[in-house]
């Protein structure tokens, strides 16, 4: 089945704050940051279809559309003083346009997360974009590490979280049509916990 294609332009998502320091973040003791691919409206719609499909089998809490993303690098808790430097450096970077095909469900049992990701092609030699994202992940940390050396030890596994607090013991037998997610940039995002998680895009690489 041919994958559903989406454009590369990040036309939706959390609001982008002007300047390298979003209002209020500098007053926090720490800021949780990550780099991610952010979906355009067509990709969001396809991902919500995937989430609804998984929810029918696994239950749990469906992620809000405005929180859907594919993490490229997780920095975790970071001092607010580092945020302007990371934002400025992000805005000087470029990423070669590419695409990743999401075609399977997966799960992280311990946090009870169900996700969509690449890696279920009938052709083992097919390029689903996962290797390319792994390369971009390594390139990202090459420039981030001197500024923020606390690189996670876990293996990079590209995925989009669809459900939380779900039953991960049995995943859906059938997946929706494969989704081709085209991208031409990534963003630096701050996660703000004010009751429910909210995300703010702090900076974006150049297209």
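In case you wondered, yes, glycine gets a Cβ from its N, Cα and C as well.
TrEMBL does not curate its annotations; it predicts them automatically.
Database features (TrEMBL):
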COMPBIAS  1-10  compositional bias 'Polar residues'
REGION    1-24  region 'Disordered'
DOMAIN    39-115  domain 'Phosphoesterase HXTX'
MOTIF     69-72  motif 'HXTX 1'
ACT_SITE  69  active site, proton donor
MOTIF     159-162  motif 'HXTX 2'
ACT_SITE  159  active site, proton acceptor
Beyond the flanks of the motif 'HXTX 2' (159-162) by 6 or more, those residues with Cβ under 8 Å of it:
47, 50-51, 54-55, 62-63, 68-71, 102, 106, 113-117
So how many of the residues in the motif 'HXTX 2' (159-162) end up helix, strand or coil by DSSP?
0 helix, 3 strand, 1 coil
Can you grab the distance from residue 159 (active site, proton acceptor) over to the residue listed as 'active site, proton donor'? Cα atoms, rounded to a whole Å.
8
Per DSSP, how many helix, strand and coil residues does the domain 'Phosphoesterase HXTX' (39-115) have?
32 helix, 25 strand, 20 coil
State the mean pLDDT for the motif 'HXTX 2' (159-162).
98
Relative to the Cβ position of the residue listed as 'active site, proton acceptor', how many further Cβ atoms are located within 10 Å?
22
CB neighbours of residue 69 (active site, proton donor) within 10 A?
24
